[in-house]
Every structure is written in C-alpha cells, then in structure tokens.
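Working notes, beginning with the structure itself.
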Amino acid sequence: MNRRAEAGDVKGTEGMYEELKDKVPHKMRRMFLNTVIKACSKAGDLQRAESWRSEMEAAGITPNLKNYGKMIEAAAKAGDLAGAEKWLEVQRESDVPVDLTSYAAVIDASAKSGNIQSAQKWLTKALDVGLIPNIIACTAVVDACAKAGDLQSAVEWLAKTIDRGLTPNILTYTSVINACAKAGDPESAQKWLANAIEVRAAPDVVPFTSVLDACVKAGKYKMADQPFADMSHFGVRPNIITFSTLMSACAKQGAWAAACQLLDRSIEAKLRPTLLSYTTLINACGRAKPKQVDVAENLFLQMMSSGIEPDGIALRTFEKTVGEPALRRLSQDLGINRTVLAEDANIRYRELRQRRDHTFLDRRSAQLDRGTSNQLGE
C-alpha cells in the first residue's frame, strides 16, 4: 500500500484501503488514511486529499503532524498556493505543533508561483515562532525572487542566508543566476557563477546554461563564448538546453551556419535535439540575409523524420521564413493540420503575454514591498 502511495497511485491505494479498513483495529486507521492522503499528495490531487481528510474527521480520528504535512504538500504539488497557505493556517490554529517542514513546503509553493511576498511572509512567520530556517527554505525564497525577476531581492536574501551561518548550495546560486538572466545582467550572472565555483558549490550544467541564457537575453552574444568554454574546463557536459541556448544567440544574429554547426555538435554528443532546437534553427534561417529558405525546409524535414511533430509556434516561425505557399505545400505533403496548430499557437501566445504581465506586476509589487524582507538579517 505504501509503495503505491509513494508512486502517487491514488486509485490503487484507495482500493487497498477499502479492502483493509474493516480488518484492522480502529487505532490503526489513521495510519492507513494518512497513507491514502500521501498518495493524493504525491499525485498533487488536493481535492481527493481533502475528501479523505473529511472522512478522517468524520470517523473521529485526530490528524497528526504527518497528516498536515501531506495536506500542504498536496496543495503545493497541485500549484495551489492558496490551498497550501490555508492548510498551514489550519495547522497553526490546531494543537499540532508546526515544524519547519510545513513552512518550507508553503515557501516552496510560493517560489514556484513566483510570489515573493508570500515566500517572505512565511519565512518571517517561521522566524517569529523560533524556527531556524534551513538552506532549503532560504533557497526557496531566493528562487521566488528569481522567478519574479527581482535580482536585488534575490541577492539580498542570499546575503541574509550567509549572515545566518547557512552555506548556500548550487541551487541557491543557480536561483540568483536565473534572476540575473531575467534581469538581462550577464556580468552579474558570471560573477555569481564564479562565486559558486570559488566556494566549491559543485556547479553542474544548469548554472552554466543560465549564464549563457543571461548573455543571450542581454544581446551580448560574444560573452557566451567564455562560459561555454569554461564548461569543458570544469568537466561539465553541455545538455541540449545548453546547445539550444547558444543556437538562440546565433538565431538573433541571423548566423544560421553557426546555429547548424551547434546542432551537428549536439548530435555528435549523443544528444537528441528538441522541437525548440529546430524552431530556433529555422528562426536563424529566417533572420539571415538573405533568408535561407532551402536550409529551413531541409531542417523542417529533418525534424519530422526524427519523429518530432511541429506545434503552432514552430509552424508560424517556418511560415515567416519560407512563406505561406511553401508551408501549405509541405503541410499537405506531410499531413499536418495547420488549423489546429494555429489555434494552439494563439493560445500559447496569449498565455505567454499573461505570464509577462504577471511577472511585471510581481516585480513592481516587490519593489514597493521590499522592506518586508529585512527581518531575516536582524
């Protein structure tokens, strides 16, 4: 039963519980119900978790620390920050003591939604009740700042983490580097990567790729050469995201030949190019002067032959490069439903616009409310 719960198999765990519940002593039912709720939390199914929690209360079974933790985890995994906060408040009002794990889960949920205020609020509340935050909780706050594009707050929280005697790990540094990338500050990104290396934080491919991303977002493409070369020096193997990031730098300059060379290098490195890789390459062909229509068509066919289906955005990029008649011809030859994919592209563009709007609002709110982050340093 526990194995099924760990795997997030809600139906399987529920089925086993129904078979066993009348065969075990009443005092053991809490353990069994907690296991069912664990399955729900692993699956991110808050609705089912709350249903089983109601059954537990109806049976007169008092929830324990583990139960509250799983309720918060279910909400956090479902991306329901309000739900995670609700269950933490319920726990705070109960007789069950709240440990750092519960606070950390809500802080992590705040970080994943890019909500700086919530992350800072719950870390402050943890401090208020005398809990000492660990590096995981502090990293989550730094990550929340990074997701909101608030570099200043990310750096401030990293400094406060160090001031409290905690040792940042590579995830902490990577969050700050990501904030640099969002802010278009590749110089700071390189500085923080150098700091991570200096304190032996064992950098992997992710922070290096984030530095490359910072260079590309800032339009400082030549700056990407050095961190890419440094990867080999430190024994870090690039992944396909690394290569795609460099391809993006080439695409923005219309350097289609260099982008194609990167594709070849990624394949030689036994990496599998993604839809993003090919879309970026086709974009490079479209930005080239003159446009490389034949190369773009060959790349599109290569993508299809490797089993990668285009989405609406890929088709739009291809159309801009080769023109509508060529797109219509290839779509007919390959049996591509352009109407469905065009609708998909429109939906994704609207979602992207909404995310950008939310990021802007979060950033403005963080600037106005940054003073609330000072307590950790006190």
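Backbone N, Cα and C atoms are what each Cβ position is placed from, and that goes for glycine too.
Where the annotation comes from TrEMBL, it is an automatic prediction and has not been curated.
If you check TrEMBL, you get these features:
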{"type": "DOMAIN", "residues": "33-125", "note": "domain 'PROP1-like PPR'"}
{"type": "REPEAT", "residues": "29-63", "note": "repeat 'PPR'"}
{"type": "REPEAT", "residues": "99-133", "note": "repeat 'PPR'"}
{"type": "REPEAT", "residues": "134-168", "note": "repeat 'PPR'"}
{"type": "REPEAT", "residues": "169-203", "note": "repeat 'PPR'"}
{"type": "REPEAT", "residues": "204-238", "note": "repeat 'PPR'"}
{"type": "REPEAT", "residues": "239-273", "note": "repeat 'PPR'"}
{"type": "REPEAT", "residues": "274-310", "note": "repeat 'PPR'"}
Would you mind giving the whole-number mean pLDDT across the repeat 'PPR' (99-133)?
86
Sequence-remote partners of the repeat 'PPR' (274-310) [C-beta within less than 8 Å, at least six residues beyond its ends]:
240, 243-244, 247-248, 250-256, 259-260, 263, 266, 317-318, 320-323, 326, 330, 334, 336, 341
Residue numbers, six or more beyond the limits of the repeat 'PPR' (204-238), whose CB comes under 8 Å of its CB atoms:
170, 173-174, 177-178, 180-182, 184-186, 188-190, 193, 196-197, 245-246, 248-250, 252-253, 266, 269, 271
When secondary structure is assigned with DSSP, how many helix, strand and coil residues does the repeat 'PPR' (169-203) contain?
27 helix, 0 strand, 8 coil
